[in-house]
Amino acid sequence: ACLGFGEKCNPSNDKCCKSSSLVCSQKHKWCKYDL
């Protein structure tokens, strides 16, 4: 399963939910909306 908003993630292995327009923040290391 992919990671939801605000979940901890690894920028080099981005598992955030692309279908929800989420990306792993390089700076904060959590999934945020790619606006």
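Even glycines carry a Cβ here, placed using N, Cα and C.
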Cysteine paired with C31, where Swiss-Prot records a disulfide bond, from C2, C16:
C16
Quick test of reading the record: Swiss-Prot lists a disulfide for C9. Which of C17, C24 is on the other end?
C24
Check C2 (disulfide bond) against DSSP and tell me helix, strand or coil, would you?
coil
